[in-house]
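Asker: Supplied in structure tokens, the structure appears directly below.
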Amino acid sequence: MNKAFVSFVVLCLAGLAAVGQAQQISPKLPSNFTDLEQEVKQRGAVNYTGFVYSVAADEANTLTPNGNQTTNFIQNNPFLATLPNGGNGQNLLRLGPCAGNTLHTHPRGSEISTVLYGKIMFGMVDENLNEANKLILRNLSQYDTIHIPQGLLHFSFNDNCEEAAFLANFGNRDPGTQSIWNSIMQVPSSILQLSTGIPEALFNLYKHLPLIEAPGTGGEECLKRCGLDLQKVNKLLPNADNPTAAWTTPASG
């Protein structure tokens, strides 16, 4: 074989090897390197305390005589702002007998909830497609998990006389929460009538009732079975028509 040709091949191979080594030494940085670097700096600025968040040590965001919930969201854990891609969040709910999370939605995040102990019924209502507004009910036991799509109306209920608890996880540090009944009570009675056919006067009576802070307690059969008084096991919230959050209603007629 021609020595000149062999020398040429050797030089080409050596050149390719040198290029490969150069690429290994100086890899191309990702386009979002600056953002990732900033997140690392932010985590260092808060001394990395958010890697472990003590739910038990945190005061419950809502507390009722028959249950409570504690959130690990951006509002009470600033560390979550340092996580990429929207971060994540959690909500721990302890439900007393006949207690449950009231009707609500999460406009910015899907939910994955796992029962920690006890038995809990979860329900959701699907959107206006296919089988329009289909009600979906699932009874979960310890360590069972349910997936709740973003934006769907849903609820939970402990239909037992023993305490139960579940942990809700979100792929967003601020999934948002909209309480359905609380929101409906803000709507003018005329709009509620044209939406339901129910007389405005009846909605005016409803609006005078206090709102119940989640988790609420109810279910007449469950209350009777567990020996509970509806008006003693709920934390009430005032509203414009009932600023003192009393159970009294105005006289009709």
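From the backbone N, Cα and C atoms, a Cβ is placed for every residue, glycine too.
Annotations for this protein, taken from TrEMBL, read as follows:
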SIGNAL    1-22  signal peptide
DOMAIN    53-204  domain 'Cupin type-1'
BINDING   Asn91, Asn101, His106, Glu111  oxalate binding site
BINDING   His104, His106, Glu111, His154  Mn(2+) binding site
Asker: Just to be sure I understand the packing, how many Cβ atoms besides its own are within 10 Å of the Cβ of Asn91 (oxalate binding site)?
Answerer: 22
Asker: Out of these binding-site residues, His104, His106, His154, which one has the fewest other C-beta atoms within 10 Å of its own C-beta?
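Answerer: Sparsest of the binding-site residues His104, His106, His154 by Cβ contacts within 10 Å: His104.
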Asker: Roughly how many Å lie between the Cα atoms of Glu111 (oxalate binding site) and His154 (Mn(2+) binding site), rounded to a whole value?
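Answerer: Here the two Cα atoms lie 10 Å apart.
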Asker: Note down the number of other Cβ atoms within 10 Å of the Cβ of Glu111 (oxalate binding site), including every protein chain shown.
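Answerer: The Cβ of Glu111 (oxalate binding site) has 23 Cβ neighbours within 10 Å.
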Asker: Which whole number is the mean pLDDT over the domain 'Cupin type-1' (53-204)?
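Answerer: Mean pLDDT, the domain 'Cupin type-1' (53-204): 89.
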Asker: Please list residues from the chain of Asn101 (oxalate binding site) whose Cβ is under 8 angstroms from its Cβ, counting only those at least six apart in sequence.
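Answerer: Those within reach of Asn101 (oxalate binding site), by Cβ under 8 Å and sequence separation of 6 or more, are Gln69, Leu93, Leu95, Phe155, Ser156, Ala214, Pro215.
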Asker: Looking only at C-alpha atoms, tell me how far Asn91 (oxalate binding site) is from His104 (Mn(2+) binding site), rounded to the nearest Å.
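Answerer: On Cα coordinates alone, these residues lie 14 Å apart.
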Asker: Excluding His104, His106, Glu111, His154, please set out which residues of the same chain place their CB within 8 Å of the center of the CB atoms of the Mn(2+) site, keeping sequence order.
Answerer: Thr105, Met124, Ile148, Leu152, Leu153, Ala168, Pro175, Thr177
Asker: Quick one: which residues besides Asn91, Asn101, His106, Glu111 have a Cβ within 8 Å of the oxalate site's Cβ centroid, in sequence order?
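Answerer: Checked against the 8 Å cutoff, the neighbours are His104, Ser113, Ile148, His154, Ala168, Phe170, Pro175, Thr177.
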